């Protein structure tokens, strides 16, 4: 009986010791959490992120003023950009204004106002307007052309890989994407489609940033289902197609 009592006391002491050590570990973890780097400071392989990103949405969008405008951090600039795009769409789509006509009318008004003010300033004893000299820097043009060249060459490389029949998965992906675009393009004209794309730049990043955990969870489930369906398609159809140099992922 005494031996059982002693063993029971030993167990209680062990549990008490484990509890204390656990509390110490919790306090240590609290201290570590204070020193822990912010979210997305390092890659977390166990968490699925849309497009495989490991940085905040603001950094993915390039940071700085453009990202602030798209994420509504600078509400004044965002409102001006969104309002200007909406006004142009109303002019061209709803009022059926033509681009060349609008540009010509704006230039006529601007040049007329500048011409009249420059000549009237002599009679009203006002200093004429100092029109700044505007020139496009050569560095900006070369940099933009270099970036555009890289993107075009990459597109040609992808098209060549698809055309040679080496990657049937990429072929099906491109065909499906073009088909979806063609269907959407049949619903709207080019101007409305471009405006919807412009409008999505100011809405989708903001919604995703506020609900990224829920969106990432849904995207992960969708990707798992897509991979399952592709595996079934690959086993029943694609693997039966004799293609030279066929590449499987």
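Each residue's number is its place along the chain shown, starting with 1.
Backbone N, Cα and C define each Cβ position, glycine as well.
Among the ranges 76-96, 97-117, 118-138, the one that TrEMBL lists as transmembrane segment is 97-117. Tertiary neighbourhood of the transmembrane segment (171-198): same-chain residues 85-86, 89, 92-93, 158, 162, 165, selected by CB-CB distance under 8 Å and a gap of 6+ residues from either end. Across the residues of the domain 'Reticulon' (66-249), the predicted structure has a mean pLDDT of 83.
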